[in-house]
């Protein structure tokens, strides 16, 4: 069986550059959009639909009984701008919007927890469940 080859070495997200160019999203507007999206649910995950680490973090939360709001940046017309702003928030200075390394990015209770390594470290050291309880994502 022949599998389709994924040619996305970089995160190009949406090939419709006309949509991207007409958005005129400035960094402050993008940050406000991220804040708004992060506040819509107790747990919010910024993800890419084809990313295995993003899939793993979604499985982790769903396995814990949490229903996160998931924003697949490769499916959003303004996903590149959101990704760039998330990279800035994480303190990533290299890679730009073509580096998927910072994804997934998780917000709990409207506050950024961080990328995969921070979430997994919190899970391992036992601080993730209290965060989820405080945010109202877990009741037990």
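Cβ atoms are placed via backbone N, Cα and C, with glycine included.
Here the structure is a predicted model, which means the values were calculated and not measured.
Annotated by Swiss-Prot as motif 'Responsive for interaction with TGA factors', the relevant range among 133-136, 137-140 is 137-140. If you take the C-beta of residue 54 (disulfide bond) and look for same-chain residues 6 or more apart in sequence within under 8 angstroms, you find 45, 47, 48, 103, 104. On the 0 to 100 pLDDT scale, the motif 'Responsive for interaction with TGA factors' (137-140) averages 85 in the predicted structure. Taken residue by residue with DSSP, residue 54 (disulfide bond) is part of a helix.
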